[in-house]
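See structure below.
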């Protein structure tokens, strides 16, 4: 008989505690017979029948809960995996959603996830700290969620307009379902614990009812006991369940399931509790409605922090009635400085105290010496405001710093009797005795050098494409003005070493700037300019070239440190190259011998050297010296790390090779954006120079199997272009150069010219040069000349003779130029021909082998090498080296082998005998 038709009593299902576990005591008669009476299906555990809606929604809520946990720990990879599973689960529940509508918790997770991803995307610092997998998952998930949310746009919009209402509706629904349950906490997915437990407790099992019977009072009504008996007889018995499951069920039932009110007092208390909850709910709704009405009627509201703002009183520096003297002020200054650098010190308050101390000293006429000393400490405190080296100064602090340095310089220029220096000890300071020169410990040069470093950090940490960068760049005029003032001060009172240091600062702010006014004066002859223009030019001061010459020569003569002299030489060369003074720049580079030992310099100097070499190569290209330009740019471009070597950014592949600290150090060495060299212009100059050198060389050595490559990068671009199955019109700069190279191979200079010089290339490259028209004219002439050389190399075997006038017309070159080019080729033995002066023709000598002969020669050479390799392998297998014994045995190629192996064979024969 099935267990569903058996009746059991309370004694049959009583449980007893064994150790710490709650175990059901089985009946003796049924225990042994149960495996024989029950079928396989009846031995299965009890199943809870749920609807399809509950199953699908539970699957969705579990996935949502996992996503929210991943969001809390910023695990974007886990979010991506669970979001894909969530989409699949939602697809399975589509039929239910079409009937019931989209669940509110699903809309909430979509909106929250999209906002969360947008916050992560905008957090630049956080993105940098992400690992590779999370960063990739963030980009992928952001695209997927934006695409996925388009189908739920209306639901998400309504949710975002009133998210609180959606949450309240869910809360009300859960409160009604729970009917006064003590646990009102709603989880993140809108399903409360009370609702969950109520569903479970609507049809309790027999064991749980029995357990609750024992916990209830014994004075229950007879109807309740009869109902319990009916439940006992009518419910399914759990005798076949494991002891562990029974223990868990009884424990959960006793902990979570509610008890029915047994007395009138309990019923009244429950009723009162429900009334209180309904009243609280009504109060919340009315309060929210009142607030909304006030918001609509009262206009705009202003958000304040912590109520009425209090007027901040100035801190009291001295007690009332204290006499302000030099000693008192210096003592107070030392007290303030003692807290400097300590943990918990308010740096902003410390700066305010020092500024207040300056005002007190000025009001009491304590002298300029005390004010200068306090000013030095204010500037030092401004620099120490950010303890982290990588953090740049805030705009307000930066403005205070510039103003304070200017005020300090005003005082020093107005009072020549004040001497400042690092070598002055605090014991020997003279701050108030006017009979002697005032002496203050401090170094104005160190403050200015730190100011320059802070300016560089500000420019490094500002978005170069924003208006903020332009505003910060305007501050460079103030920085340069301060450097000039300090330069004038140190020229009068500073040492030679200090003058060299301030000169270098001035050079570093001058060398990269193109002097347009001096350039215009060079283009305009002095006779054509009026007298007023000449007077204006004289009043403007010296040109940047004259200034650089004066400052650098002083450093060359007076400096005792290699670093300052090296930086000055490199800046001087850069400035010469920038203004197209090629020969001065080249001679200075060769005489300095910097290329021999630059690898021992520190990284910032190496970056400056790389920038100088690049500018030198661009200068040579503007002058039409393509070979010099190619040689100067070869090291930078062949490495494939031009961006990193020039200090203009870090490569992604190199970021994996260094840790976070090394990356921070590398970023601090980067050059600000306004000092950058255009990398596309640099690559274009290099590739065009390589094209003008490589294409004629390839045509001249076409049959040479061992020809060397002048530029590996140029050959790589040619191979990439040849691999493309379909060739459309060129778009990028590299494609333009490759297409021009193919045209030059055929001697078609016009097509080559159209690919190199056009509107697209003008906008990207050629218009960026100061003298763009001059550069374009030079390029056209170079293309014509090298195309002529390529044509003669390629088709010399076709002609017996060719007229120079014909060549002049083909390449649109004047006759003397054609004559000069051909003469150089004949003299250098590049072209086997002779010039017939009366007829102005080039007579070919035909000493070069034809194409068929070249192929035959190559085949013969390869066959010869193959025979030698086979003989060597055979000798190695036979154990004889040099083939002597084999040749003696059967005379196989005896003479030829002897002649070919020569001395080695003879030496072996001597040792054998």
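Glycine residues also receive a Cβ, built from the backbone N, Cα and C atoms like all the rest.
Noted in Swiss-Prot for the protein shown:
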REGION    1-44  region 'Disordered'
MOD_RES   9  phosphoserine
MOD_RES   11  phosphoserine
MOD_RES   13  phosphoserine
MOD_RES   15  phosphoserine
MOD_RES   16  phosphoserine
MOD_RES   18  phosphoserine
MOD_RES   39  phosphoserine
MOD_RES   99  N6-acetyllysine
REGION    157-301  region 'Disordered'
MOD_RES   166  phosphoserine
COMPBIAS  166-190  compositional bias 'Acidic residues'
MOD_RES   178  phosphoserine
MOD_RES   181  phosphoserine
MOD_RES   182  phosphoserine
COMPBIAS  199-216  compositional bias 'Basic and acidic residues'
COMPBIAS  217-232  compositional bias 'Acidic residues'
COMPBIAS  261-278  compositional bias 'Basic and acidic residues'
REGION    522-542  region 'Disordered'
COMPBIAS  522-531  compositional bias 'Polar residues'
MOD_RES   524  phosphothreonine
MOD_RES   643  N6-acetyllysine
DOMAIN    673-849  domain 'PCI'
REGION    885-913  region 'Disordered'
COMPBIAS  886-899  compositional bias 'Basic and acidic residues'
MOD_RES   909  phosphoserine
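Features per Swiss-Prot, on structure.
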{"residue": "99", "record": "N6-acetyllysine", "Cβ contacts under 8 Å, 6 or more apart": "none"}
{"residue": "524", "record": "phosphothreonine", "Cβ contacts under 8 Å, 6 or more apart": "none"}
{"residue": "643", "record": "N6-acetyllysine", "Cβ contacts under 8 Å, 6 or more apart": "649, 650, 651, 679"}
### Message
As a test of reading the model: what is the averaged pLDDT for the domain 'PCI' (673-849)?
### Response
89
### Message
Under a three-state reading of DSSP, tell me whether residue 643 (N6-acetyllysine) is helix, strand or coil.
### Response
helix
